[in-house]
Amino acid sequence: MSEKSTPLLAVLQLLRKYNLKSTEDILRKEASLGDVECESLDLPEVELASILTAHHTESDPFTYELAYDGLKKFIENSLDLYKYELSTLLYPVFVHMYLLLILYDHVEHAVSFLEKFGIEQEDYYQEDLKKLSIVKHKDQIKGNELAEIYSTNKFTVQLSRDASSQLKRYLHEQKNSSVIINIINNHIQIEVHDGPGRTQAQVRATAGGVLGEPMKSENRTKVYYGLLKEPDIQVLPAPVEDEEEVEETPDKPKKKKAKKDNLFMKKPKSDPNAPPNDRIPLPDLKEIDKVEKGKALREASKRVQLGPDSLPSICFYTLLNSGHTAISCDICDDSTLLAVGFNNSNIKVWTLTPIKLRGMKSAEKLQDIDREAGDVLVRMMEEKDRDTCRNLFGHSGPVYKVAFDPFKTMLLSCSEDTTVRLWSLQCWTCLVVYRGHVWPVWDVRWSPHGHYFASSGHDRTARLWATDHHLPLRIFIGHYSDVDCIQFHPNSNYIATGSSDRTVRLWDCLTGSQVRIMTGHKSTIFTLAFSVCGRWIASGGSGGDMMVWDLSTGGPAASLPPAHTAPIHALAFSRDGTVLSSGSLDCTIKLWDFTAITDESPIEETLNNLIPKEDKYLLQSFATKSSPVKGLHFTRRNLLLAVGTYESSA
Amino acid sequence: MSEKDKSKSGGQAKHIPKDAQVIMSIMKEVGITDYEPRVVNQLLEFTYRYVTSVLDDARIFANHAKKKTIDLDDVRLSAQMQLDKSFTNPPPREVLLEIARVKNVNPLPLIKPHCGLRLPPDRYCLSSCNYKLKPATKKVITKTTITPSPSIKTVTTSKAPQQTVVMKRPPGAIVNVGTPKTSLGTKPVLKFSSSSKVVKPAVRVTAGPSSQAPIKMETDEPMSHKRKREDDDYDL
């Protein structure tokens, strides 16, 4: 016979594992399985266990359909309190039934099972089901990424205590059909939580991750989401009087003078949620950086206060003739430079002010300049070598992300050619090539304090690098699929990643371990943004859905109503943290009221409130003619800059 | 897809050949609905190439095993080899977790105070001097006189032409003046400086076609506390 019985092959694999050679030979002879060259099942342990426990039902594929149908009916007939939570159980049971049918070679039954019950599954799982439906033979299970994920890991389902007891009672009644019990034992992790059953909205808010919802234990670590204490910066020739930041020694709070707005009214006592300044080594500020910071503070003092009544003005930079070539863009912190990465592996840097970009002098000329002069940094630039646009050549694949460092001296870019390159903005050449990812790198970001940067790629890892090490310092493993976007926390201690497995994870730079996992997105996550205070993170996905998470608990703070119709590729918070802007490929920019979103006061259930809370979040929507929005950036004075490409085709 | 698509070459304009229809149905099954018509042709070509190479390899394996016909195992083996050559998957999660565990245990390195850019050691940077090969010349090679210095040895030849200038730089003479630079030398002046290590670069110099004057060579005394960069000779 050409098809070998699955349970027997499973037993063979088990025997091989325990090195029972003679038993194996006897079994082969008796079962007439042929010579040693026959292939054996190459399955992970969990699948083996499930085959061996369920072998007596293998011959009867009809039981699967009946069992699933029975479970579905039971769930539909249960009380609303339990219904929505229990319905999250249907999808993993369905998937594993399908895989089991394939494993036992009941392909036609499997296909009909898939057709019958596949369309009833949630819409965010349909794409995954399409990928699974390619698997039509047990040999194909190993090659299929999704099937492997499901067969090696347990799907987590959260149930309230009452719901789980209902489920147990139902399963107990199903003594003759042990299929579901076996599936639950082997492949599904049921976590029981105390509390009432969740509503449909609550369940939907956190459903969508590739392996279900996170377990409570995964979100329990303490996260220091506060901001670092700022060093003492004297802002000298300022129109405002001296503003002193909170000093590093928390002994005595300095009296504040001339407060323009809440920015400088820092809490004199230390924030319990802020990490100590030396938790991770951070570079000291050089003299010139302190001058820059002083300038930044002065600009910040002049900025416009934003809110629902005072929306920002938007300045849109359109890249012409680049509809299908410009991929990514970045604007530096003081909003004077714009960098764009192209799919022909170029990078172009433009200046957004009348000041032109200068190159550095040659070596002989550099020897002649006076190093002690105050403006040595100006003198070292070549006067004749100025241009409004500079080209950077070096990559050999599309450039997926460009990022300016906080001090405007270097540029990082990552590309499909698996490298991350560091460029100098003074010599306009490439300085270092960081090799480590062996697959395309999707995102690269600088730490807000400079020196560190993080990259994420197709190999499901995110890495933390420092500019002076050619190997990564930390590798963050945990995602089940490509890591599409990465972002540093404002205090540089944490990194958030978003991935194609529809989860957002927060990692600790100090230990490299995962501290938070947040599910709820229904599609791949393309962009992340931390709030200015560091407590919240906003994420935008490929279905146009946006979510805001609270880092202290790891739960969703708000699920914004679906407004965008195309993938969101840009998110930016205003400098005072009151307005969140989102830009998407549907050519619109939307402004959201972030203070209302994170407003923790209870909703007044008055009948006068005709507008539900969710609709108050969206402040305004701006549409461009046909320019998908690729980047958003708030200047220090709260002017919103947007970058997009003009798609001339209708 | 096992039949060869002879019909592709002789396809009439109106009828779509059977293999192309198969490709279109595959795309529909995977969920792709929006594609240019040329994509079907490209996929057909790729499939043809792939299948023939797999079958060729299978025949070689069958011959090696002294079999008369190609067997299922041969095809399986050759498909596997093809797959390993062209497509690799990212490492499995367990391997990655193991690597991460080892790597993440090391504490983050402290940041040393340093002026200028913080870059990895020079051999990982692209901050080396640029080389350029100059085309050979027919001119008479001038003998250059050099002040004898322990660190430089020059060899001049009177051979004609088909030689190119190769300038070697003493290793370790990379400069970090704060930021690396690209050099734009207009005069063909060669500066050689030696680092504190004694090195003996061998230099062969031939005069360039545009040399207005014999090439001057200057040497600097080794300076241990400062490392100098030298200019390249660029033909402009």
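A Cβ is built for glycine as well, from the same backbone N, Cα and C atoms used for every other residue.
Please treat TrEMBL annotations as automatic predictions, because they have not gone through curation.
These figures come from a predicted structure and were not determined experimentally.
These features come from TrEMBL:
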DOMAIN    A:59-188  domain 'TFIID subunit TAF5 NTD2'
REGION    A:238-283  region 'Disordered'
COMPBIAS  A:260-270  compositional bias 'Basic and acidic residues'
REPEAT    A:392-426  repeat 'WD'
REPEAT    A:434-465  repeat 'WD'
REPEAT    A:476-517  repeat 'WD'
REPEAT    A:518-559  repeat 'WD'
REPEAT    A:561-593  repeat 'WD'
Per-state residue totals over the repeat 'WD' (A:518-559) - DSSP helix, strand, coil: 0 helix, 23 strand, 19 coil
Chain residues outside the repeat 'WD' (A:561-593) and at least six past its termini with a C-beta under 8 angstroms from it: 261-263, 300, 303, 305-308, 311-312, 314, 523, 526-533, 538-546, 548, 614-638, 640, 642, 644
Structural state census, the domain 'TFIID subunit TAF5 NTD2' (A:59-188) (DSSP three-state): 95 helix, 7 strand, 28 coil
Whole-number mean of pLDDT values that fall within the repeat 'WD' (A:476-517): 93
The repeat 'WD' (A:392-426): DSSP-derived helix, strand, coil residue counts: 0 helix, 19 strand, 16 coil
Residue distribution over DSSP helix, strand and coil in the repeat 'WD' (A:434-465): 0 helix, 19 strand, 13 coil
The repeat 'WD' (A:476-517), counted residue by residue under DSSP: helix, strand, coil: 0 helix, 24 strand, 18 coil
Secondary structure content, the repeat 'WD' (A:561-593) (per DSSP, counts of residues): 0 helix, 18 strand, 15 coil
